[in-house]
Amino acid sequence: YLVGVGRADCTGPVAQVPLMGYANPDQVGGGLLSRLYSRAFIVADLEDSKRVVFVSADIGMVSQRLRLEVLKQLQSKYGELYRQDNVILSGTHTHSGPGGYFQYTLFWITSKGLVRPALSSMVNGIVKSIEIAHNSMRKGRLFINRGTVENSQINRSPFSYLKNPASERSRYSSNTDKEMVVLKMADEDGHELGLISWFAVHPVSMNNSNHLVNSDNVGYASYLFEQEKNKGALPGEGSFVAAFASSNLGDVSPNTRGPFCVNTGESCDNPQSICPIGGAAMCMAKGPGSDMFESTRIIGQNIFLKAKELYEKASQEVTGPLSSAHQWVNMSNVSVELNATHTVKTCKPALGHSFAAGTIDGVGAFNFTQGSVEGDPFWDQIRDQLLGEPSNETKACHKPKPILFSTGEMTWPHPWHPDIVDVQIAAIGSLAILAVPGEFTTMSGRRLREAVKSEFDSHGTPGMNIVIAGLCNVYTHYITTYEEYQVQRYEAASTIYGPHTLSAYIQLFRGLAKAIALNATQDLPRGPEPPLFNVTSVTLLPSLSAENAPAGKTFGDVLEEVRPEYQEREVAEVTFVGANPRNSAENATEHNFLTVERYSNISSSWRVVLNDASWDTRFYWSKGSRGQSNVTIEWHIPAGTEPGTYRLRYFGHYKKKVSLFRTVTVPFEGSSSAFQIT
């Protein structure tokens, strides 16, 4: 094949923008732990007649708006080379990245609307990563390997999983998919280019009390792999690209110690995830570490070590033709033939009561509980008054789900949920990547993979490796099995197209697989095109106004100095007169907020040893009154740090008033005093 890889920053604003994932309105950005990247991989056949692009971006999920804008830009750059059918965009599902990049109204509520700077940095980062991959294409080879990852996941809805038939469950040793699939890429001289790993785990090691933008456990795995392969390069630099992509992670948590009551310490591993005192709001799962930062590293390192082992031993070469198939489908109205006599339908989108309960990884508000199969008259009354009552047809279609929000019947100011959804498969020789638009549970993913495999088998393409890539192209929440749907825990309440959603997807993906196997993708109907709403920017974010430094100080001055000396495993910390980090995101696509620098006696100069993409540095912004704010930079000095003289530097932009109606953005910097590491 011809192979190209690329990586580009897609972080966006790290302050004031709500983080996407837990739907907690209090969880807004307040700094940076690690940068977010888009990682792109392009494979073409040697005649260059066919191409496939796979992108994994460190974001919560790919939204329809994001996908449509990326494809528009690709079309203006490359014409018909990169299209709806051969470009897969997948989100890692970190819950610590900026929100605000959606066009459907439901997501505006927790994201404070459509935040153009967040959307733009994602669009630009994804396009740039594809561009870098496009420009680095060369002859190469692909290898696939698979193995088991231990101690890194639990099923967070085991009571739902147990509703699946015993005969089906008995075929599997675990209630999560422990298998990791690794695709290794090298050029024809054996020079290493990169890898993609697919593994099912929620990147929620960082919980909903976190305010620092970061890529969570899978992002830490990418960081470790890239740091190891790009020796001597700063984080985020170097040519080797390692993507840890999402899969069927719907009911899979990395918080391996399981659910405990925060107030009493007892287990709350029960069908409703409730605590005797304090109810559901007190039930939270714990990761393996002493805090969320350590848990993130432990899980990330587990995933990294297994990927490294599989990568180094990968010897099964991937060969064969390239193919891609894509359709748009109106998911609110799909007829599914279950068998010769029985046809069922999907529903207009709606969320159930247990959606508001959240999960043991991030609990909801107002003490809603999981597993509600009956509505609550109090909340139903409020909903009817504010948003309108669901129609009888929608209620009947979603049974036994008690509907909290009938989003498919809510259209002001725009529809609240998508109807038109992407289904897509890209085949690279014996590897088929199923791009699914949401979060399939463990058993849903197993059923989908099995159905697609048997479809390939029965049309003369046996032995395909089937991989699910999660959170692709448009976000439609969860997809549970019909049996899991009956107990209405969070994942089921969030299966928005009703009890037969999975059956509909299985039917659709079978159709795509058949078209690929029979080389008939050109005959697939394109389906109804999704809408692109005319929203430029609707946001409740505070506006960026002129800023001030305290009396007698200027931007970048030190307020609290570092100590003169530190040892490894201590934290060097400095606080500066700061400015809103959003100024920087809106002025430079690749702004670096901080550096750790070491003094070199040989060259008598300072050398940058770390930047803000490092997992050892933390950048905190806190807003004060009267247009003032502070920035604190921490360096968690790792074991093995070379002794010597160091300093911490800060780079920012502040807004300055130049006339009654005009402000300009002014760059500034600050530095700590020098300190010793002994």
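Using N, Cα and C of the backbone, Cβ positions are placed for all residues, glycine too.
Unlike curated records, TrEMBL annotations are generated automatically.
Here TrEMBL flags 1-507 as domain 'Neutral/alkaline non-lysosomal ceramidase N-terminal'.
Per TrEMBL, the feature Zn(2+) binding site maps to His93, His202, Glu439, Tyr478. The Cβ of Tyr478 (Zn(2+) binding site) has 23 neighbouring Cβ atoms from other residues within 10 Å, across all protein chains displayed.
What TrEMBL records for Ser253 is active site, nucleophile. Within 10 Å of the C-beta atom of Ser253 (active site, nucleophile) sit 23 other C-beta atoms, taking all shown protein chains into account.
Per TrEMBL, the feature domain 'Neutral/alkaline non-lysosomal ceramidase C-terminal' maps to 509-677.
Cα of Ser253 (active site, nucleophile) to Cα of His202 (Zn(2+) binding site): a span of 5 Å. When averaged over the domain 'Neutral/alkaline non-lysosomal ceramidase N-terminal' (1-507), pLDDT in the model lands at 97.
Around His93 (Zn(2+) binding site), the same-chain residues at least 6 positions away in sequence with a Cβ under 8 Å from its Cβ are Gly21, Gly60, Met61, His202, Pro203, Val218, Ser246, Leu249, Glu439, Gly470, Leu471.
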